[in-house]
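Below: the structure, in structure tokens.
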Amino acid sequence: MLDEIAAKPNAWNHRHLLDVDDFSPEEFQLVFETADAMREILARPIKKVPALRGQTVVNLFYENSTRTRASFEIAAKNLSAEVLNVTSTASSIAKGESLIDTLKTLEALGANIIVMRHNLSGAPHVAAKYSKASIINAGDGWHAHPTQALLDLYTIRKHKGNLNGLKAAIIGDVRHSRVAHSNIWGMTRLGMKVTVCGPPTLLPYGLDNPGGLFPEVRVETDVEKAVEDADVVMALRLQRERQQSGLLPSVAEYVRRFQVSQERLKRAKSEVLVMHPGPVNEDIELAAESAYGDKSVINEQVQNGVAVRMAVLYLLAGKQGEL
Amino acid sequence: MLDEIAAKPNAWNHRHLLDVDDFSPEEFQLVFETADAMREILARPIKKVPALRGQTVVNLFYENSTRTRASFEIAAKNLSAEVLNVTSTASSIAKGESLIDTLKTLEALGANIIVMRHNLSGAPHVAAKYSKASIINAGDGWHAHPTQALLDLYTIRKHKGNLNGLKAAIIGDVRHSRVAHSNIWGMTRLGMKVTVCGPPTLLPYGLDNPGGLFPEVRVETDVEKAVEDADVVMALRLQRERQQSGLLPSVAEYVRRFQVSQERLKRAKSEVLVMHPGPVNEDIELAAESAYGDKSVINEQVQNGVAVRMAVLYLLAGKQGEL
Amino acid sequence: MLDEIAAKPNAWNHRHLLDVDDFSPEEFQLVFETADAMREILARPIKKVPALRGQTVVNLFYENSTRTRASFEIAAKNLSAEVLNVTSTASSIAKGESLIDTLKTLEALGANIIVMRHNLSGAPHVAAKYSKASIINAGDGWHAHPTQALLDLYTIRKHKGNLNGLKAAIIGDVRHSRVAHSNIWGMTRLGMKVTVCGPPTLLPYGLDNPGGLFPEVRVETDVEKAVEDADVVMALRLQRERQQSGLLPSVAEYVRRFQVSQERLKRAKSEVLVMHPGPVNEDIELAAESAYGDKSVINEQVQNGVAVRMAVLYLLAGKQGEL
């Protein structure tokens, strides 16, 4: 399979990975097949291939994230890239250095790919305009998190084969969730039927408006109805600051009305996949027994994340290296 | 010697290294002999062997520590492992992610060995229950610090050959010292006679109680008597917060009564080894001239730490790699 | 050229790199030629040579710096060294560990070269007295920043060939600039004519005093005169704290009187090089259009920094490794 992937004509058209909103179904397919090949590498005793040898991948994180940074770092090292971690706490970014200046510097230092997390929506798009290095958006504000969507879709595909026609319920703070936004783009593009559910204050305005971005998305405020007959139930992390900012009257009320519980999951299909981008607030947005139960694929999401990120790095690097 | 170690039937029975309290004398011996082999590697111009190639070692540090983290990082890299540093300041641990969730994530990302420092006593034992990766306790609260004890014992053995019958005096804040606790387990198991000495408020309750944990440990509040005829004098770091919490009336008083000084060391054996886990508060718990004098083996402790940690990593990884 | 460099008799006389004030013109030349060789390596698809394989380079940073730390990290990794990052925020340096103790520990752990940034002027010189490892000063207080000066001089040499007789204007907070100080040593040693210019409160006392350190340096408070006929105009970063400490009445006034602008640059030679150590406060000490204009070599400075640091690491390691 590795040979096949390396030999395939390149359907990949992106110099950067900013979101999945402009992905064709063929591009999704290419990422999935490349990730399949990367999983073969991950199954070996020594998980290292020379594909990106001599290339430098920079993790430029303006927000902390154990999971995403570690996942990219491991993925890049598995491909033999050099990894440089630059975080806002451990660097002089605090000195008031401009984003563009930082990017120019990283390029001049030899960065080939810059994995960037930023608290401001759109920052990676600005970066991409000025950067000769490839930018991967590892999460920007409330906007997008494309590699998370790709690994979620890949995880669903591993279990269900074809995504077309599957029903997904995304439950929680959809309004502020870059994970939800990128998943909605990907799921709808690949033919899935998406229902979002949460308190009205945490749902985007006009999501299912006929003239809106996602006319095909169903909005539901009753969680029992939302999960009905679902193939996938994705719970979103509830940020405590939503309560402080007055968008959420109480956590107890949220739990009562929207928690994804074992009881509520009975309404979904019997083979439902329970997903969460992590880290889980146990027994808040997701019951602990559901998070660790037999329908949960949360750990697989993390595992697949490494394979999907290896695939993305490999494709952005032009597939020129040896696998 | 490398071939011998690699060929030896494995007396190592641990999937994790949480403390040395359950080590048999044979296991201590195996660690020491494996560390001897690692010192051979460290004496080469290129100190790198492929033993752990393809394995990922994570340094998961909830407390900062230059020394211990750096020592493990160097040890792991010498064995060709990939090293991932996850610290509480540089990660989203602060977000309130649970320890178990973090461990599951690190495992799913591919961690084989997790080196863990935690401010709570017992945290690595909890971790070990849930973790498929091997856990190494790199210090938990006031409880245990097994690799420090192993490197201390190894350093004594390098100088004295056999540990059986040697006399050690451990001076200072024994109550709150994980280093002291692990050393007491190891020293007594290997036949050493241990005396602990310090202000009563900084000594454990009932340490030498006949029905207590360490009936063979002698407690002494007179430092002159404690160091009398000692083969090893180990001074412990005095944390300034002990004074703030009222356990220590004054640092000046501590210095006067308990400092390990050149004068006091004259009462020990002429070949006494002066030890300290570092970093030393110079002229507080240990006189600067004693810390840097000819009896001091403090730098050797640090050096041996790399060899001992290489040994532990190699043994936990099942000795399968090539040396 | 790589063979030539490796074969050349070693004119390098330093065990440490603390400043360039004691460099002979031949040593500057050796660094430049070695950096030329390193640029050849950087032009390859795989930028990695085995020269420092098995050596450990520690970045010991008591002050944050994205640029300098990243530049050294990449340089060291290109030479196949192991890199260990120890920063004051991510380590127990905060615990009050003494500098000497930290150095002894790093040495015992196996450090061969310690790249050190410290907020106190002279700290690397103290370190060098006690350290068996080679110390590279990566910036100490207001004192020196030798690798920055070397990369600046190297960048000028790439454009101008010979440095002898060239005119440089250094504009800004010269008093508190380690970059300026090291550049003045290097420039004057290599025959350049240096003019410094800035508000009197930000210029060193007695710089051009006939009995002073740099009698050959011209001091000028009129920026138009300072840049007149210059081959090189180097703007220095203006630290905001200068205003807080009363040394600068207002930023607006500084901009009006001292900003390096397109208009002012017209007075310099038509082939003038615009330089800045980065990060630039755009439109403060340097106009954005000048920073990103066709006379700017700021990005080249960053690029050359990697080559120059590779050269320095290679020379300090005794040129023994394979290129």
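From the backbone N, Cα and C atoms, a Cβ is placed for every residue, glycine too.
TrEMBL annotations: computationally assigned, not manually curated.
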Site-mate of C:R67, C:T68, C:H145, C:Q148, C:G278, C:P279 for carbamoyl phosphate in TrEMBL, selected among C:R39, C:R117, C:R175, C:R242: C:R117
Shortest C-alpha distance to C:R237 (L-aspartate binding site) - which of the binding-site residues C:R67, C:T68, C:R117, C:G278: C:G278
The domain 'Aspartate/ornithine carbamoyltransferase carbamoyl-P binding' (C:15-157) - residue tally per DSSP class, helix then strand then coil: 66 helix, 27 strand, 50 coil
Residues from the binding-site residues C:R117, C:H145, C:R237, C:G278 that lie close to chain A, Cβ under 8 Å, in sequence order: C:G278
Carbamoyl phosphate site, defined by C:R67, C:T68, C:R117, C:H145, C:Q148, C:G278, C:P279: further same-chain residues with Cβ within 8 Å of the Cβ centre: C:S65, C:S71, C:A138, C:G139, C:V179, C:P277
Binding-site residues among C:T68, C:R117, C:R237, C:P279 whose Cβ lies under 8 Å from any chain B Cβ: none
Rounded inter-Cα distance in Å - C:P279 (carbamoyl phosphate binding site), C:R178 (L-aspartate binding site): 15
Under 8 Å by Cβ from C:H145 (carbamoyl phosphate binding site), counting only residues of that chain that are 6 or more apart: C:N137, C:A138, C:G139, C:R178, C:V179, C:H181, C:S182, C:P277
Farthest-apart CA atoms of C:R67, C:T68, C:R117, C:H145, C:Q148, C:G278, C:P279, residues recorded for carbamoyl phosphate, distance in Å: 17
Binding-site residues listed as C:T68, C:Q148, least Cβ neighbours within 10 Å: C:T68
CB contacts for C:G278 (carbamoyl phosphate binding site) [other CB atoms within 10 A, all chains]: 24
